[in-house]
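> Okay, these came from Swiss-Prot:
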- 1-303: region 'Methylenetetrahydrofolate dehydrogenase and cyclohydrolase' (REGION)
- Tyr51, Ile52, Arg53, Met54, Lys55, Val98, Gln99, Met100, Pro270, Gly271, Gly272, Val273, Gly274: substrate binding site (BINDING)
- Gly170, Arg171, Ser172, Ser195: NADP(+) binding site (BINDING)
- 304-933: region 'Formyltetrahydrofolate synthetase' (REGION)
- Thr378, Pro379, Leu380, Gly381, Glu382, Gly383, Lys384, Ser385: ATP binding site (BINDING)
Amino acid sequence: MWEPQGSLDPVLESIENELRDQVAEARSRWAGFDARLAIVQVGGREDSNVYIRMKLRAAENIGITAEHIQLPRDITETELLANITSLNESPYVHGIIVQMPLDSVHPIDSHAITDAVSPDKDVDGLNTINEGRVRVGDLSGFIPCTPAGCVELIKRTGVTIAGKNVVVLGRSRIVGTPVSELLKWEHATVTVCHSKTKNLSEITKTADILVVAIGRGEMVRGSWIKPGAVVIDCGINPISDPTKKSGQRLVGDVAYEEAVQVASHVTPVPGGVGPMTVAMLMRNTVQAARRQLDRLLAPTWPLRPLRITPLSPPPSDIVIARSQKPKDISELAHEIGLFSNEVSQYGRTKAKISLSVLDRMRNQQGAKYIVVAGITPTPLGEGKSTTLLGLVQALSAHRGRNSFAVMRQPSQGPTFGVKGGAAGGGYSQVIPMEEFNLHLTGDIHAGTAANNLLAAQMDARIFHELTQKDGPLFDRLVPKIKGVRKFSPIQLRRLKRLGITKTDPDTLTEGEKSKFARLNIDTSKIMWNRVVDLNDRYLRKITVGQSPTEKGFTRETAFDISVASEIMAILALGRDVEDIKERLANMVVALDKSGNPVTADDLGMTGALLVLLRDAFEPTLMQSLEGTPVLVHTGPFANIRHGCSSILADKIAMKLAGENGYVATEAGFGSDIGMEKFFDIKCRASGDTPHCAVIVSTVRALKMHGGGPPVSAGMPLNDVYVQENLELLSKGLCNLGKHISNGNKFGVPVVVAINKHGNDTPAELNLVKEFAVKNGAFRAVLCDHWAKGGLGALELADAVIEACDSKSKFDFLYPLQLSIQEKIQIIAKEMYGAGQVEYTDEVLEKIKTFTDMGYDKFPICMAKTSNSLTGDPAVKGAPTGFTLKINGIFASVGAGFVVPMVGEISKMPGLPTRPSIYDIDLNTKTGEIEGLF
C-alpha cells in the first residue's frame with residue numbers, strides 16, 4: 001500500500017518480492033528456467049547509460065538475466081533490424097527493449113525499430129500491435145511500462161478507480177495516450193488535455209486522479225489540484241539550481257512542494273514514476289518468460305487439426321492427398337512449440353528442424369515411445385505406415401494427445417520400381433505425398449554424394465600410391481605453404497593412431513614418412529561401394545579404372561542403392577553431431593595388405609563428409625492428412641541395415657510432445673527383422689525405452705501363411721483371399737502368434753492392429769482378434785483408418801494409451817558381452833524359431849578376425865529375407881527347429897554392428913518388367929505429377 005504522502009519504497013519492494021517469488025516458482029517447475037532480457041543500445045549517451053544501469057540492477061535483484069547489447073554509433077538501420085530479428089528468433093531471449101533515443105550517425109526510424117520487436121517480446125509495450133491492443137481493451141499483450149506503472153501506483157493508494165474523474169495532461173504515444181486508455185478500461189471517466197487545451201487549470205481541478213506527462217517543468221501548480229486528489233507526475237525536467245554542484249536539478253511537471261499541500265498522494269521526481277517504470281519492465285519480462293514456460297509445459301499443443309470428409313469407397317491415394325490443403329508448415333511448427341530460428345522452411349509444406357531444440361528442451365521429460373512393426377508380410381505390404389499415421393491422427397486430432405509420427409524417408413528406387421510410395425495410404429497418409437516420396441529435402445542425395453566422394457578418394461589414393469615413390473607422395477600429402485609444412489588436424493589423428501608422436505613434418509624419419517603416407521589398401525579387400533538412389537540391376541557388378549589415364553589399374557566393384565550405405569545407418573544412429581562425426585571417422589572402407597582396417601579418417605575424409613551431410617543431420621517436419629506433425633529422417637534399408645528412422649528425430653519428437661505425449665515410429669518388415677533391430681540396435685544406441693509395440697496384421701497375409709497361393713504385386717488376388725475361408729486363416733494364425741511372442745520377449749506390451757480390408761468377413765476378423773488376445777497380446781483391435789482416417793483408429797489409440805500406462809519391463813534380447821555366434825544363436829532361436837545355426841568356413845574365419853579386432857562387442861544386424869521367418873522366402877507360417885545358414889558376414893564399424901548374411905541379399909534392386917515409371921508423367925499445364933501412385 002502507498003500511504004498518503006508516504007514513501008514509494010515499500011511499493012517498489014513489494015513488487016520486487018512478488019517478481020522474485022514468481023521467478024522462484026517458475027524454477028521449481030522447470031530447472032532450467034531463466035528469464036532473459038535484452039537491452040539494446042545504439043551509441044553511448046550517458047543519460048541512456050544511467051537508465052540502463054538501473055534496469056540491470058533491478059533485473060539482478062529479481063533474478064532476471066539482463067544482457068546489455070551496446071551497438072556502435074555507425075550502425076545502420078538495416079544492421080540494427082538484423083540484430084533485433086536475431087533476438088526475436090532466439091528462444092533464450094524473452095524480453096527485448098531498445099533504449100531510446102538512438103545515438104547513431106545514420107538516420108534510423110525509431111518507430112520502425114520499436115515495431116520490429118516481436119509483440120511477444122516487446123516488454124516495453126511500444127510495438128504498434130501491443131499499443132493497439134491497449135486501445136481496444138485487449139490487455140493480454142504487454143502494456144507500456146510507464147502507463148502500467150501509473151495505474152499500478154494509483155491502485156496501490158487504495159483508491160477505487162472505477163467511477164472517478166481522471167484528467168490526463170499529455171497525449172504522447174508513450175505515456176499520455178496509453179494511460180488514458182488504461183484508465184478508461186478501469187471504468188474511470190477520462191479527460192485528455194494537452195498544451196492547446198483552454199481553461200486547463202479549471203479542468204485539472206475537477207480530477208480525482210491527475211496524471212501529468214506534458215514535459216514542462218513544474219507547470220502544474222498546487223492551485224490546479226483538487227484537494228485529496230491522487231497526482232501521478234511522469235515528467236522529468238532539468239532546471240537551473242546554483243546550489244547544486246552540477247548547477248541544475250531534476251523536477252517533474254508538477255510543483256511538488258505545492259502539490260503535497262493539497263493532494264493525498266503525489267509521486268516524487270526523481271524516485272517516483274521512473275523506478276515504477278523499471279519495475280513494470282521487470283514484470284513484463286517475467287511475464288514473457290512465464291508465458292513461454294507455460295506453453296512449454298502445457299499438457300497439449302494448441303493444435304488445429306485439418307478436417308477430412310472420407311468418401312466411400314475411398315478414391316486413389318493421390319486423389320485423397322490432393323483433396324486436402326496442407327496448413328503452412330510454419331503454422332504447424334508454431335503449434336507444436338518450435339521457434340522460428342529452429343525451423344528452416346523448404347517451401348510451405350516441409351521444413352528442417354534444428355538440433356538446437358534438444359539443447360533448449362534438455363530438461364523436458366520425454367513422451368511415450370511406440371514402435372509399429374508387423375507380421376511376416378505379403379509382397380503387397382500389410383499397412384504399417386498407414387497404421388502408424390492412422391494411430392497418430394487418432395491420438396492428436398481425435399483424442400487431444402500430443403503425438404508424432406516419425407518415419408523413414410523412402411528411397412526413389414522402390415518408388416519408380418514396383419512398390420510405389422511409402423507415405424501411408426487412404427485417409428491416413430503424409431502430405432504432400434509427392435514431395436515425401438521424391439527428393440524431399442535432399443538428405444538421401446547428400447548421403448549419396450558423401451558415400452561416393454569417399455569411394456572416389458579411396459580409388460584416387462590407391463592410384464597415387466601405385467604411381468608415386470614415398471618421398472613425392474609424402475610431399476604432396478603435406479605440401480609446403482609459404483615455405484612451411486604443417487599437418488592438418490585429421491593427419492595428426494592418423495599419426496597418433498600410428499603411434500607417431502611427432503607433430504613437425506620435417507622431423508619424421510623416412511620410415512615414418514612412408515608409414516604415414518602409404519595406406520597400402522588391399523584391393524581384394526575393399527568393402528566400400530558407390531551408391532545411387534535408383535533400382536539398377538546392371539550396377540550390381542562393374543569394373544572401374546578402364547580409362548587409359550588410370551594406367552591399367554582396374555578392379556571389380558559394384559553400386560549399392562543409396563539407402564544401403566553405411567552412412568545412412570550412421571545418420572540414423574547418431575545421438576548428436578559429435579557422435580555422427582566419430583562414427584563417420586571409424587567407417588572401415590578396406591583392409592590394408594597386413595589385414596589392418598583402413599578408415600574414412602585415414603583417407604582424410606571425416607570433415608568433408610560432415611560438410612556434405614550438414615543439412616542431413618536435421619529431420620524434416622511434414623504433416624499427416626489431418627494436420628498432425630510428422631518427422632521424416634533417414635532411410636536405412638531394413639534388410640542389410642537396421643531399417644529405422646533416426647534417433648535424433650525420435651528424441652526431438654519426444655521432447656516436443658512432452659511427458660504426456662506419444663511418439664510412434666515404424667520398424668521395417670516384421671518383428672523378426674525390424675522390431676528386433678529397433679530394440680537391440682536403435683534403442684541400445686539411443687538409451688530410450690519403448691513403452692509399447694504395435695503388430696500390424698491382415699487376414700490376407702495370415703491366409704497366405706496358412707497355405708494360400710502366392711501373393712504377387714501387380715497380379716490379381718486368388719479367390720481364397722477375397723472369400724471367407726476360416727480354415728485357411730486358422731492355419732496361418734501361428735505366424736501372428738510368433739510375432740506377438742517376439743514382442744513379449746522384450747518385455748513390452750503388444751497391441752495387435754488388425755487392418756480391415758473390404759473382403760474380410762466379421763467371422764474372420766473376430767477369429768484373428770480372439771486368437772491374438774489368447775496368445776499374449778495386450779489388446780487386439782480392428783482398424784479402419786485407411787477408409788476413415790483417425791476416426792478409424794480410435795480403438796487402436798485407446799489401446800496404445802492403455803498399454804503405455806501399463807508397466808513396461810523392457811530388456812534387450814541379449815547382452816553385448818556375448819560372442820558373435822552366441823548373439824546370432826539367440827536371435828535365430830528366439831526371433832525366428834530356428835533349431836540351430838550353421839556357418840561357412842569363410843564366415844567362421846571372419847568372425848575370428850572381427851573378434852580379434854574387438855567387433856564382437858557390437859550388436860547384431862541380421863540380413864535375412866523379410867518374406868519368411870526362415871532364410872527361405874518360400875517358407876510361410878511359423879516353422880520351428882529348422883537350420884539357419886549364415887553364408888556371409890561383414891562389420892559396419894562406424895554404424896556399430898555386425899551383419900550376418902542369410903541367403904542372397906541384394907543391395908541393389910532391379911526394375912521389374914513393367915515398373916511404375918510407365919504410369920508417371922508431369923502435367924505441363926498444372927505442374928502436377930500424375931500416375932506416381
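Using N, Cα and C of the backbone, Cβ positions are placed for all residues, glycine too.
Walk me through where these features lie, including what they touch and how far apart they are.
Counting every protein chain shown, 18 other Cβ atoms lie within 10 Å of the Cβ of Tyr51 (substrate binding site).
The local packing around Gly170 (NADP(+) binding site), expressed as other Cβ atoms within 10 Å of its Cβ over all shown chains, amounts to 23. Under the DSSP three-state reduction, Gly170 (NADP(+) binding site) is assigned to coil, being neither helix nor strand.
Taking the Cβ of Glu382 (ATP binding site) as reference, residues of its chain lying under 8 Å away and at least six apart in sequence are, in sequence order, Gly374, Ile375, Val696, Ser697, Thr698, Arg700, Ala701, Asn755.
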> Indicate the candidate from Arg53, Lys55, Arg171, Lys384 with the smallest number of other Cβ atoms within 10 Å of its Cβ, considering only these binding-site residues.
Arg53
> Whole-number answer please: how many Å between the C-alpha atoms of Gly381 (ATP binding site) and Gly170 (NADP(+) binding site)?
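Distance between the two Cα atoms comes out at 74 Å.
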> Including all protein chains shown, what's the count of other C-beta atoms within 10 A of the C-beta of Gly383 (ATP binding site)?
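Its Cβ shell of radius 10 Å holds 28 other Cβ atoms.
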> Using the structure shown, find which entry in Pro270, Gly272, Gly274, Pro379, Gly381 (the binding-site residues) has the sparsest Cβ neighbourhood within 10 Å.
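Comparing Cβ neighbours within 10 Å for the binding-site residues Pro270, Gly272, Gly274, Pro379, Gly381, Pro270 has the fewest.
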> Tell me, how many other CB atoms lie within 10 A of the CB of Ser195 (NADP(+) binding site), whichever protein chain they belong to?
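Total other Cβ atoms inside 10 Å, all chains included: 12.
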> Setting Gly170, Arg171, Ser172, Ser195 aside, what same-chain residues sit with their Cβ within 8 Å of the center of the Cβ atoms that define the NADP(+) site, listed in sequence order?
Leu169, Gly176, His194, Ala213, Ile214, Gly215
> If I take the Cα of Lys55 (substrate binding site) as reference, which of the binding-site residues Gly170, Ser172, Thr378 has the closest Cα?
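Looking at Cα distances from Lys55 (substrate binding site), the smallest one goes to Ser172.
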> Within the same chain, and leaving aside Thr378, Pro379, Leu380, Gly381, Glu382, Gly383, Lys384, Ser385, name every residue whose CB is within 8 angstroms of the centroid of the CB atoms belonging to the recorded ATP site, in sequence order.
Gly374, Pro377, Val696, Thr698, Ala701
> Sorted by position, what residues of the same chain at least six away from Ser385 (ATP binding site) have a C-beta under 8 A from it?
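Sequence-distant Cβ neighbours: Met407, Ala422, Ala423, Gly424, Gly425, Glu666.
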> Name the residues of the same chain, 6+ apart in sequence, whose Cβ is under 8 Å from the Cβ of Leu380 (ATP binding site)?
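Expected: Arg700, Val711, Ala713.
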